Each structure stands twice: as C-alpha cells, then as structure tokens.
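Contents: one structure, followed by commentary.
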Amino acid sequence: MNKPAIPTQRLPELLRRMPKAELHIHIEGSLEPELIFEMARRNGVAIPYASVEELRRAYAFTNLQSFLDIYYAGASVLITERDFFDMAWAYLEKARGDNVVRAEIFFDPQTHTARGVEMETVINGLHRACEKAQTDLGVSASLILCFLRHLSEEEAFETLEQALPWRDKFIGVGLDSSEVGHPPEKFARVFARCRELGLHLVAHAGEEGPPAYVWTALDLLKVERVDHGVQSSKDPQLMRRLAQDRIPLTVCPLSNLKLCVFPKLQDHNLRQLLDAGLMATVNSDDPAYFGGYVNDNFLQTFEATGLSAQQAWQLANNSFEASFIPAQEKRKYREKLDEVFAEFGA
Ligand SMILES: Nc1ncnc2[nH]cnc12
Ligand SMILES: [Zn+2]
C-alpha cells in the first residue's frame, strides 16, 4: 500500500481514531483501584491498603511475578455476578472510547473458583457485559478462558470441566501467569482436548521466557496466536517461522516497559517484529496496572519509537486479521479503517 504521508503532528489523532481490535486484555487487569475499593466496601473484603493512592503507589514492578502477586490480591474483591459485570462493562466503555470495535477478553477462572466463587457467577457476569457491549456500544466482544500455568495440568482439566456447561459463552482458551519454569508442554494434553472441542487456542509465550517456549507453544500446544512473543527476536529461525506461518503476536508495549522486559520504550522491538514481516498487534494486557489502555499503548510507543502512519495501518489491520471473527467481518473492519485513513488524506 503506497499512500501519501500523513503529517507527524496528526499521527496521535489518527492513532486514537482508527478502528482496532484488542486481542490481549486480562479483564482482571482492567480493575481500577477505585473499583477495587468500591467492591471491597460492598463485599466486606479487607484490603491491606488505606487508600486508592496508596494502592496505586504499590504498582511499581520489577518483573512479571512482582506484578502477579498484587494482581491476584486485587482480584480477591470480585465476589458476585454484578462485580464481574461491572468490571467488564467499565473496560468495554473505555474500549469504545479508544475506537476498539472488537475485543477478545481473557479471564482467569481459577483465581476466583479457588476462593469459592462459582464458575457460573464469573462467566455469566462477564458474558452479560459482552452482550450489552454489542447492543449498547456497538463493540463486539468475546471471552477466552485462561489456565493458570503455575497450577497443574490436572487443575486445568478440572477447570475446563467446570466451564463446559457454558461452552457457548467463551470462544477459546489461553495460558497465563508465571511463565519461567512452567513451559507450554506442561499443558499439552489439556490443549489437545480443547482443540478437539473446537476451541480457539492461544498462549502467553516469550514474555520473559525463552524462544524455546514459543516453539513449544506452536508445535506442542498448536496455538493460533502467541501472546507477547517478544523474546522471539532472539531466535532468527523462529522469526522466519512466525513470519512464514503468519502467526500473530499480541504485543503489549506498556506491559513490557512496566515489567522491565525492555528498559525503555525506545528499546522496544515492535519495529523489528514488523520489519521482519511478523503479524504483530498492539494491546494493553493489564491496563489498570500498567498505566494505559490500548490507545495509550499506541500513542506512547509511536512517540518513543517513531513508527509511521503506514505502520499504524498495518498494526490495526493485523488486529483484525489476527482476530477470531469471520473473514467477512474482517473485510468490513478493514473498509472502516481505510475510510478513517482516507479522512486523514492517506
Ligand atoms: N502479562 C501477563 N503475563 C502472564 N500472565 C498474566 N496475567 C495477567 N497479566 C499477565
Ligand atoms: Zn497477558
């Protein structure tokens, strides 16, 4: 696509305005401190912070585990179906404001069922928000159930069994939580079962873990997308494989910055991934904890790394191509994307 250049000063507005899909968002990671305090109050749950400000000050992370410890503590205020609905609805309204037209949303049922919350409560609350987003906001949203990789494969199987009565309310499964020491192969059998069930398959790999974890996510779990995957750039053969097979990477730049995967946003390898022909996308991961929703990720990363309007188009189009929607809907979103670019003279 060779189109006239868009002046740099109009790039932020274009990034905000362009329609996009968000494919890597943990709904529990969208729970803002204000909502944590509100839910703690209404549910009578004690939290070890005196104020919203004190909680926010604790969001200073050194690596993935230092974040996960506080993220699981934050999720402990979620008790009722209304809590899950309110959390997802707050995210979906923000997503609408960022011109997200499609969201594929991760949830971690084991974080809740381990505390005695029923699977039904979790799924129904989240799913109701997704349905309302379609009717009231025009945002298409679906759920992806994630297994916690620091727990056993047996526990993942139990979680799958508990969720199957609501099979029509989620479109796929993923793998998240502490990566290093919990390689994808630990979950090969449960992913094989999910594949038989016709579920879409994704997994976090190569966030902090080595390229070997990306290889096994592809070859043993048979995932359709890799979440993060930024460590792949250390392995040229893997980069060629990802490009050739058009495997999408759901990259989360502000997450990588806040979890010290890259020392500065200027050092992020998003440009390198795009230049190597990989289908990279931009996402927020855990926006309440990492200082920004999807447009903040686009704006700050473009500012820091000097990416162009052409690359903005590529990233937005990749987000539709990588999503689990029918080809006809992908085409519709691409047309909307082209309309917005045309308004900017591209
Ligand atoms: N960035 C991340 N990596 C792994 N597990 C997560 N759960 C929530 N956010 C996560
Ligand atoms: Zn994630």
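Quick reminder: no glycine exception, Cβ is built from N, Cα and C everywhere.
No curator has checked TrEMBL annotations; they are predicted automatically.
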Matching residue for the Zn(2+) site, where TrEMBL names His24, His26, Asp285 - out of His204, His268:
His204
Can you tell me which of Glu207, Asp285, Asp286, our recorded positions, come within under 6 Å of ligand 2 at the Cβ?
Asp285
Filter the candidate list His24, His26, His228, Asp286 of recorded positions, keeping only entries whose CB is under 6 Å from an atom of ligand 1.
His26, Asp286
Do you know offhand how many angstrom separate Asp286 (substrate binding site) and Glu207 (active site, proton donor) by C-alpha?
14
